[in-house]
Amino acid sequence: MENSKLMSSGKVSTKELLAFSIGYLGLQLGAISANYISYFWTDIALIPLGAVAMIFLVSRIFDGVTDIIIGFLIDKTKSKHGKARPWLLWMAVPSILSMVALFYVPNISMTGKIIYAFIIYNAVALFFSTACAIPLQTLTSLMTSSSKERLRLNMVGQAFASAIAVIGNLYAVKGIAAFGDGGPGYFKFFGLLSIIAGFTMLITFRGTRERVVPTTSKSDKKLTLGEGFKVLFSNKYWVWVTLLQVSSWLFPALMAVNIYYMIWVVNDPDLMGPFMSLLFFAMFIAVLILAPLSQKIGKGMTATLGMVLQIIGGLLPLINPISVPLLMVASGFRGAGPAAMLGTRLAFTSDVVEYGEWKTGVRTEGLIFSGTSMGQKIGLGLGGALVSIMLGVGGYVGGAATQTASAISAITFTFTWLSAIASLLAVICLFNLSKLQKDMPQIMSDLEERKA
């Protein structure tokens, strides 16, 4: 036990860092589909916009519940592999099967298609976006207790994710076309990405270790789910970090409107690939720059700087909505901005874990990370639903040869103003988390004294 405590504060090896980062790469491979699922449903499967919006919204209610349940189960898990790592092993195959089925269009009635889409979308959310993502995120607080090492894990992991996002989004449209027109192309291309994503979870499972142990005997107490909720909501910073997840994940969810913008505003669907690739390339470069910067100015200031860049990127196209050079500049800002949040967001959550143990004497990584994951899912679901709602309000007609002026305006508003508003909400959350950052040295010192 003492050895585990000593190792927990040490530097994570390069081999283990790479294994962990490959998991992030896999999560991003799965996330690429989020940029295309709305368009696939409305214009390939021809599912009505209202039904698509309801799928997004209702699914997030289920998702929020399963997040908490999975987090609770992670805290209860005891095995020779730890409590988070085994989930990556158990959920790899179900994740692959459900993700492969996501872009399949069954030859059934429209009602049947809607039910199928709802069931499979929620299966992907449960097996991959929840039961793989939460354990992977929780590992940052279980592999090491060093704040710097946790930030390093997140920064390098996001660099891997950004790199694969550049490649994946650059070739997504061409890849879909190469596999066939319409539905078959989507099914084969995203099916391939799904299989690779599932195998990355196995690599992370095999290549990482859990070392952090509770500092007090009180942490060994078996909590009921109700007691866990009480501990969770007594942690004021958990509330703010969860709201931070909601607001910061609105932006990537709103990127579902990008394909509509390129098709109907710019009149060049092929621009989607370069636009998204430049966005993720800027994100990749920004992560490399922001990693050392965050060590100097702190993760709070770094994240706030990123959100300001994101606001600028959101509003720039208003100057000239169809200017390709301006769109490329905006893409750079839209990529660099989120990089700051991607690299620091889970580090904030790890701090909230330490604060919770410091305040209550109970360490609940699984519940805290599942709660913030719930915030992520709410943000993604709300953002996806907002895209569908705005398209519906504007009178968008899926599969139509032309769109009305009101539909074009709705697409433009979502692409610009809504993206900027989401980033502004994140800044408010960061302001309320700033006090925790000031208190962290004393909190960690107190916890180390309890260990001793």
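Along the chain as shown, residues are numbered 1 onward.
Including glycine, each Cβ sits where the backbone N, Cα and C put it.
What TrEMBL lists as transmembrane segment is 21-41, 47-75, 87-108, 114-134, 155-173, 185-205, 237-263, 275-293, 378-401, 407-433.
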Item to check | Folded-back contacts onto the transmembrane segment (21-41), same chain, C-beta under 8 angstroms, at least six residues removed | outcome: 47, 52, 55, 88, 95, 99, 102-103, 117, 121, 124, 128-129, 132-133, 136, 139, 153, 156-165, 168-169, 172, 176, 186, 190, 193-194, 196-201, 203-204, 207, 252-253, 255-256, 258-260, 276, 380, 384, 387-388
Checklist entry - Hey, does the transmembrane segment (87-108) touch the transmembrane segment (378-401), meaning at least 3 C-beta pairs closer than 8 angstroms, sequence gap 6 or more? => result no
Checklist outcome for this item: With the cut-off at Cβ under 8 Å and a gap of six or more residues from its ends, the chain residues touching the transmembrane segment (275-293) are 35, 151-152, 155-156, 158-159, 162-163, 165-167, 169-170, 172, 255, 258, 262, 302, 306, 327-328, 331-340, 342-343
Item to check | Stretch in 87-108, 114-134, 155-173, 237-263, 407-433 most in contact with the transmembrane segment (47-75), if contact is a CB pair under 8 A | outcome: 114-134
Item to check | Distal contacts, the transmembrane segment (87-108) - CB-CB under 8 A, six or more residues away | outcome: 23, 30, 33, 37, 40, 44-45, 70, 74, 77, 81, 116, 120-121, 123-124, 126-128, 131-132, 134-136, 183, 186-187, 189-191, 193-195, 197-199, 201-202, 204-205
Checklist entry - Taking residues 6+ outside the transmembrane segment (407-433), which of them lie with a CB under 8 Å of any CB in it? => result 237, 240-241, 243-244, 247-248, 250-251, 254, 257-258, 260-261, 264-265, 300, 303-304, 307-308, 310-311, 313-315, 317-318, 321, 334, 337, 341, 348, 383, 386-387, 390-391, 393-397
